[in-house]
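Notes follow the structure.
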Amino acid sequence: MNLSFFDQFTSPCLLGIPLILLSMLFPALLLPSPGNRWITNRLSTLQSWCIDLITKQLMTPLNKNGHKWALILTSLMILLLSINLLGLLPYTFTPTTQLSMNMALAFPLWLATLLTGLRNQPSASLGHLLPEGTPTPLIPALILIETTSLLIRPLALGVRLTANLTAGHLLIQLISTASTALLTIMPAVSILTTIILLLLTILEVAVAMIQAYVFVLLLSLYLQENI
């Protein structure tokens, strides 16, 4: 039983083709066809408005040098948002429930922000390890604590995204299993459980969107400290 709950985190295949690859092709159908105008319909207008809103939210706290990261951060936001939402479709899975993928995204980008700060303003970047006015006896311990908190940031990014999505999918699996099992025994309870399942699914859609935004927002805050 426990194994069947975690089977949803393995990629289902059809004729040797992972179904997640097929589902990731669906958003391409929503892209506007080439034409003489950038915006051709209401859908493309909505897409442009969302991308513009996301970019403004991420780039407003940053200075001019940080605006060079606009394309990377916005593209990462759209990628995570698409993967998280596509993972809620039947007969597919969410790649961002795999810690290996999340760490592969978090660690290089965190390291890039850190190296950017060490290259452009090494004194200010290293100054974050020792706040001003620290008593002399606490300096070694505080430097060690701040260094540990700095190095644990990419792990926190990856684990946060993995844990939130994994917990939500497991909860949906448990409630849907209970709803199916109670259908013949207690139909009224099964209907109530199904209503709870629908509400939880709506909540998971919100969680998928929020976690993608939080992941990129934290990266932009790390970048803000180093530019």
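Using N, Cα and C of the backbone, Cβ positions are placed for all residues, glycine too.
Remember, TrEMBL labels are computer predictions, not curated facts.
According to TrEMBL, the feature transmembrane segment maps to 12-31 (among others).
Among the features that TrEMBL reports, transmembrane segment is placed at 69-89 (among others). Below 8 angstroms of C-beta separation, residues 20, 23-24, 26-27, 51, 54-55, 58-59, 62, 95-97, 105, 109, 161, 165, 169, 201, 204-205, 208-209, 211-213, 215-216, 219-220, 223 of the same chain, each at least six residues beyond the ends of the transmembrane segment (69-89), sit close to that stretch.
The transmembrane segment annotation in TrEMBL covers 101-118 (among others).
The annotation transmembrane segment is assigned in TrEMBL to 138-158 (among others).
As annotated by TrEMBL, transmembrane segment applies to 170-189 (among others).
Look at TrEMBL and you will find 195-223 (among others) tagged as transmembrane segment.
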Next on the checklist: Are there residues at least six beyond either end of the transmembrane segment (195-223) with Cβ under 8 Å to its Cβ atoms? List them, or say none.
Outcome noted: 54, 57-59, 61-62, 66, 69, 73, 76-77, 80-81, 84-85, 87-88, 105-106, 109-110, 113-114, 116, 153, 157, 160-161, 164-165, 168-169, 171-172, 175-176, 179
